[in-house]
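Straight from Swiss-Prot, the features:
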{"type": "BINDING", "residues": "1-120", "note": "nucleoside 3',5'-cyclic phosphate binding site"}
{"type": "REGION", "residues": "126-229", "note": "region 'TIR-like'"}
{"type": "TRANSMEM", "residues": "136-156", "note": "transmembrane segment"}
{"type": "TRANSMEM", "residues": "169-189", "note": "transmembrane segment"}
{"type": "TRANSMEM", "residues": "234-254", "note": "transmembrane segment"}
Amino acid sequence: MVGGDEVIANSFLEAGELVSFKRGEDIVSQGDVEDDSVYFLLSGAADVFVNGKRRDDIQRTAPITVGEMSALNPAQKRSATVRAASRQLVALKVEGETFRKVVGENREFLRRVHEDFSGRGRQAILATGISRRTSGWNWTVISLTAGVLSAAAIWYTLRVDGNPVFVRVLLPLVVGLTIFLLTLLADPVYRFFRLGTLCVGAILVDEALQWQVRGSFMGAEFQYQISSSGDPQQATALLAPIVLGALAAYLFWIDTTKR
């Protein structure tokens, strides 16, 4: 950030203080408004934590500055916690007032500060996109687990004698599927792709198989029969899954490139 400017470097060296941190010690703390100092990391690396969670995609490694945003806006709270990740981290601590004074006296330095802010903003946006891409299927597993547990709970409740077989079988399936879909739709990542895939899969199964259910409403057990579809006219119905598949692919492309 100093860009080899000896005048600026000497100003910071004269006013600054060498400080060291051991692994696990906080350099700056999220939400802090009292400390508006800037830390020029001279050696070592630090991890970034937001709301107590470590950002695996972001690490501050020397030479780099930490805390300049709060130095320029002293009333602003620290947006993240920066914690020493190296065995020992050495930094030059410059008070926020000194940093603001140097920035105000040197336009070129101010331009470099803004460029650094812009670069970190792009990095954060990129990291957010990557995080969203990798978390989509994790949410699918969560949704499936919620659906299975809900279905199991309903089945356990209705397992006692006296309930018709179709109630003990059908109701848990309906509840489980409903909970699965509701949980799935709660996650905005790839919802169109997964929902479209679910629709296509359901239609393909329906077209490929014949379903028969036999039995009386009261008392008698139901007989289920599933067989391959032998009707050649059903091949024309594959147009619907193809259209839905194309739509799902288009929405998936929007999710991955436009968001």
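The backbone N, Cα and C atoms fix where each Cβ goes, glycine too.
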(request) Other Cβ atoms within 10 Å is the metric here; tell me which of the binding-site residues Gly16, Gly31 scores highest. (result) Gly16
(request) Using all protein chains shown, find which of the binding-site residues Thr61, Gln76, Asn106 scores highest when you count other CB atoms within 10 A of its CB. (result) Asn106
(request) Restricting to the region 'TIR-like' (126-229), report the mean pLDDT as a whole number. (result) 66
(request) Using DSSP with the three-state reduction, classify Gly16 (nucleoside 3',5'-cyclic phosphate binding site) as helix, strand or coil. (result) coil
(request) Kindly assign Asn106 (nucleoside 3',5'-cyclic phosphate binding site) to one of the three DSSP-derived states: helix, strand or coil. (result) coil
